[in-house]
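First the structure, in the form of structure tokens, and then the observations on it.
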Amino acid sequence: MAPERRSRLSDAGILVSLLALTSLVPVQAAVTTSKPDYAKRAERVLRSTPLIDGHNDLPFAIRRSTHDQIYDGKVPFETALKGQTDLPRMRKGRMGGQFWSVYVGCPSDPNTPIDFPTFATRDTLEQIDVARRLVDKYSKDLMYCDNPACAKKAFREGKIGSFIGIEGGHQVGSSIAALRQAFYAGARYMTLTHNCDNAWATAASTVRAGKPDLGMTEFGPALIKEMNRLGMLVDLSHVSHQTMRDVLKVTKAPVIFSHSSAYAVSKHLRNVPDDVLKTVAKNNGVVMVTFVRSFVNIDNPDSVTVDDIVKHIFHIAEVAGWDHVGLGGDYDGTTELPKGLEDVSKYPYLIEKVLEHGATEEQARKLIGENILRVWTEVEKIGKRIQNSGALPVEEVWQGRNWTQSLTKRSTFIPTESPTQLEFGCD
């Protein structure tokens, strides 16, 4: 009887073991099926917060292709354009706001004097005009905004907020007065330089060409003072590293980088070094990551994918914090775009990747729009506070500027000593 008893006990043990094993199967299946749905999470983020891109060159693309003519079917924005941006793709990309860049190139000769005769200011105003006319034409989908409250309103109404930025100080002739008029015309940020120096600052391209990084000029602080007074965003993309540092020492308001990435990840001078990222955090500013392949990976640009963009985003978030990173693709300003981010319709995929790499939904909301809206709101508040204090517009002019021949010698029309001695000089 004893052997039979042992056999029954063994059978019972096997049965218990089998039951235990089978009980694990549903648990394992549950683990497998609970994989996060990043697309659904990205959709939740995009539904709650406007995705605002810091830099898109569509106005320049229009200028180049149609000389600013948008009517009579010349620019079929509502159906399909050949570039990287049009209304259907913006909608597919779940875009909530766009800073439209108005861009006029620097002189082709790098030795051109700063105060060169130019039509750049005229051309800039014409691009502001075409950007605003495009928004008006498609007002069912786009809303022109010159303040962050309007940007939020546009999103609530299901429209794409449309804002304007100037891509280079040479476009206002190195003139604070001209900059002020561009602000009144609707521009809400100005990039201090493009790929040329001006009366205010040194450009990154100058340093790349082997010349010294002189940073901001003596005239530069006057510009920053006026931009702070106006409530205009100071954009430090394109400037040299020393210019970044110099501006951050004098500005009273947060700054933006409308389309730059992390220098520690890719040693391109258009990117932002870590010491500057830390200062941007103290300044409460934002660095909006660009997608230009040669900036993202200077050593192997052809290999760049969406994962490389995510790497820049996470580096900036690690050094400066999630409150200080945003997005500035540079669509229609480059042909160098990563696999997976070929046009503006691909933004949801980027947000999925950011979440997949470990960002929370709260962090993703900051990235796509909350940060730039916070910065813009603070810049606007600081401007109003400065104006309410009685601060007058800055009148300072660059000492190296050329005056027309009739103005090279000051008239005594405004008397400094004797009110009886007036010289009109225009008879």
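Glycine is no exception: its Cβ is also placed from the backbone N, Cα and C atoms.
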Swiss-Prot Zn(2+) 2 site partner of GLU167, HIS259, selected from HIS238, HIS241, HIS312: HIS238
According to Swiss-Prot, the disulfide-paired cysteine of CYS196 among CYS106, CYS145: CYS106
Other residues, Cβ within 8 Å of HIS55, ASP57, GLU167 Cβ centroid (Zn(2+) 1 site): ASN56, PHE60, PHE99, SER101, VAL102, TYR103, GLY165, THR191, SER258, HIS259, ASP330, GLY333
Zn(2+) 2 site shell beyond GLU167, HIS238, HIS259, criterion: Cβ within 8 Å of Cβ centroid: HIS55, SER101, GLY168, THR191, HIS194, ASP235, SER237, SER258, SER260, ASP330, GLY333
Recorded positions clustered about CYS196 (disulfide bond) [Cα within 10 Å; pool: HIS55, GLU167, HIS238, ARG270, ASP330, ASN402]: HIS238
Count of other CB atoms lying within 10 Å of the CB belonging to CYS196 (disulfide bond): 22
Candidates CYS106, HIS194, ASP330, namely the recorded positions, that fall within 10 Å of ASP57 (Zn(2+) 1 binding site) by Cα distance: ASP330
Cα-to-Cα gap, ASP330 (substrate binding site) vs HIS55 (Zn(2+) 1 binding site), nearest whole Å: 5
ASN402 (N-linked glycosylation site) versus binding-site residues HIS194, HIS238, ARG270 - nearest by Cα: HIS194
